[in-house]
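According to TrEMBL, the feature region 'Disordered' maps to 1-47. As annotated by TrEMBL, compositional bias 'Polar residues' applies to 38-47. Annotation source TrEMBL lists domain 'EVE' at 56-181.
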């Protein structure tokens, strides 16, 4: 059975201006070094603040019907909630930068579920990574819209992760609101 295509921000689509990168600084030595370099007074409070920052991925999917090679690729957060154990694979990503983001995702990290290519795009909910990157099976299925004849099973090009629904946002956050926050900076 064909699975709907899901994309990371930064892939092709109408949601220009959004980044597939994490939304906050990740908890790493590099992040701490950036804070320390920007502030000559190195306090333990600053170090603790950086350690407590969380990071989220932004992963997008299309909540409205769209045919790709005869297959409907619709997949909304409601579709994720309806899956067994509210878990599914995030497959069909065919953009190299987005694929690399998938490969960088770690178990337990969270991602915003972003509805794209629809009447009102925006962040609908939160999900978490429950399985790290592994080969995307759809690249090998000849009848799948995301089949890639140049990809080989012994050297797959494309990856996917498994995600699980965490919760809906307290309110839908539309793209227009996200842009206003960006412009305010």
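A Cβ is built for glycine as well, from the same backbone N, Cα and C atoms used for every other residue.
Curation plays no part in TrEMBL annotations; they are all automatic predictions.
The shown structure was predicted, so the numbers you read here are calculated from the model rather than taken from an experiment.
Confidence for the domain 'EVE' (56-181), expressed as mean pLDDT, is 97. Helix, strand and coil counts under DSSP for the domain 'EVE' (56-181) come to 29 helix, 52 strand, 45 coil.
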